[in-house]
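Right, one structure below, let's go through it.
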Amino acid sequence: MTLKPVREVSPGSQEGEERLEQSLRPATFEEYVGQEKLVENFRVYAKAARARGEALDHVLLSGPPGLGKTSLAHILARELGVALHVTSGPALVKKGDLAGLLTALAPRDILFIDEIHRLSPAVEEALYPAMEDYRFDVVLGAGLGAQTMEMKLERFTLVGATTRTGLLASPLRDRFPIQERLGYYEPTELREIAVRAARKLALPVDPAGAEELARRARGTPRIAIRLLQRARDFAQVEGDGTLTREIVETTLERLEVDGRGLDAMDRRILAVVLDTFGGGPVGIDAVAAAVGEERDTLEDVYEPFLVREGFLARTPRGRVALPPAYAHLGRERPQGKQGSLI
């Protein structure tokens, strides 16, 4: 079996990171950096629900991975003074898995379902009456003799997190009274996140080092923390233990992360579109085959950053390389290449 190398600039969570993320996770709204309007809204929602002694309305958090959706769920539970029960869409295989979680909830508890867009149809359907009427229907028997037994549930809050809102069925999406989308972070916010994390790790940080790390973290706190970990290793072994600009630059050079935050696979994707397919338009399946990746991985992990930074465009005819892609890879743009997005 061939193991793929760990990708330091992947926004998705990687094996073994959960414990560190928990230790660095903000504990309160005051500690949460970025997403100011969203955080202020949740501060009001949580305070009002707690004052009334009610469960918070169901919440849907959407946005790219690594932006703090799980951290928000933890903070909400702490602010409300209730327990947080964590699971994920792929982990809920059958209705019984969901029943076990729902019946264990105390009044006003929060059930957090990550990747909620990956729920099976059967589990999703069973969730509807639980969200609306706080009941779970159990079917006893089969065929014409089947009977439905209704199990009453405590009033709870479902917090769903998704990176792909478009994959949610409308009946599920419409059952969330509170829907908020997290956006990418500014370099100044990522710098503050990196400095706070370094303080918890007892790592001295030079302001220029934190600024350089934040600039290349692709607008994503999870990536900033991951790069900070790797830079800490280089600071300890090849420096004096301080995170300086030179140490950060050395770290990212060794990880093949360039000045725009692109890694080797990002550059390979751009090179394929430019060199193999003449800059496009080219279908995503052709690109996936050329770089040896799954289509879904390209669409969910790699493309969002390349599109956001203006290297690629998604068009009805396929992917098209934009002028910054030619410039970044040092390619001459073919004469007469208009880069039409139509």
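Glycine residues also receive a Cβ, built from the backbone N, Cα and C atoms like all the rest.
ATP binds L24, R25, G66, K69, T70, S71, E132, D133, Y134, R175, Y185 as Swiss-Prot records it, and from the list R215, R216, R218, R222 the residue named for this site is R222.
A coil conformation is recorded for G66 (ATP binding site) in the three-state DSSP classification, outside any helix or strand. In the three-state DSSP reading, E132 (ATP binding site) counts as helix. Over all protein chains present, the Cβ of Y134 (ATP binding site) has 16 other Cβ atoms lying within 10 Å. Of the recorded residues, T70 (ATP binding site) and R295 (DNA binding site) place their C-alpha atoms 26 Å from one another.
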